[in-house]
Amino acid sequence: MNPLRVKLDALISKTSLTVTEQQREQLVGYVQLLDKWNKAYNLTSVRDPMEMLVKHILDSLVVSPHLVGERFIDVGSGPGLPGIPLAIMHPDKEFVLIDSLGKRIRFLKQVIHDLKINNVLPVQSRVEEFDPESGFDGVLSRAFASMTDMVNWCQHLPKPNAGVFLALKGVRPDDEITLLPEWCSVTDIKALQVPELEGERHLVILSRKG
């Protein structure tokens, strides 16, 4: 068996996630494509595919149980994190992956084609200039910006009254929380357990007040 698949299976076994055979193969395929493209396009500072499984794949997958709704947007998606792993985990949900760099969008289109992922739309745009036809249940960000910048730049993206912001962070970002704009409030903070990852991970869930 592919060593990446062996490692992925071992990591998943340390979580409570349910991941099908097809999803596991797609996740491994994604890492292989990321590794291949990374050599030419410098999409991530993580060079070792085994390390990518922990720092990129599992770090994204642990958000999976906290997705409520049908439509999500991953802002500043980069090479598709956390959007691609989450889209693989949730084929019944729609994901828009937005990034301003053309090389990243080209990579995402290749991933979608090669892995036959049909619930992802890659968009090349600055997030503050993106004008969707309708709002999203969740606005995801990972290593994108401060939470204040994120909610200010993305405040037009969540569904009115129902949509939330989902910010994936390291240590609990209490300093950032104190700087949030008046209209925004923290509704929950989830401590995330990522197998074999050093350091803390937290998911901060935010929404518009009222």
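Along the chain as shown, the residues are counted starting at 1.
Glycine residues also receive a Cβ, built from the backbone N, Cα and C atoms like all the rest.
S-adenosyl-L-methionine is bound by Gly76, Leu81, Val127, Glu128 in Swiss-Prot, and the record lists one more residue there from Arg106, Arg142, which is Arg142. All protein chains included, Leu81 (S-adenosyl-L-methionine binding site) registers 26 other Cβ atoms within 10 Å of its own Cβ. Look at Val127 (S-adenosyl-L-methionine binding site): DSSP puts it in a helix. Contacts of Arg142 (S-adenosyl-L-methionine binding site) defined by a Cβ separation under 8 A and a same-chain sequence distance of 6+ are given as Asp59, Ser60, Asp74, Gly76, Leu81, Pro82, Leu168, in order along the sequence. Here Val127 (S-adenosyl-L-methionine binding site) comes close to Val75, Gly76, Ile98, Ser100, Trp153, Cys154, Leu157: these same-chain residues lie at least six apart in sequence, with C-beta atoms under 8 angstroms from its C-beta.
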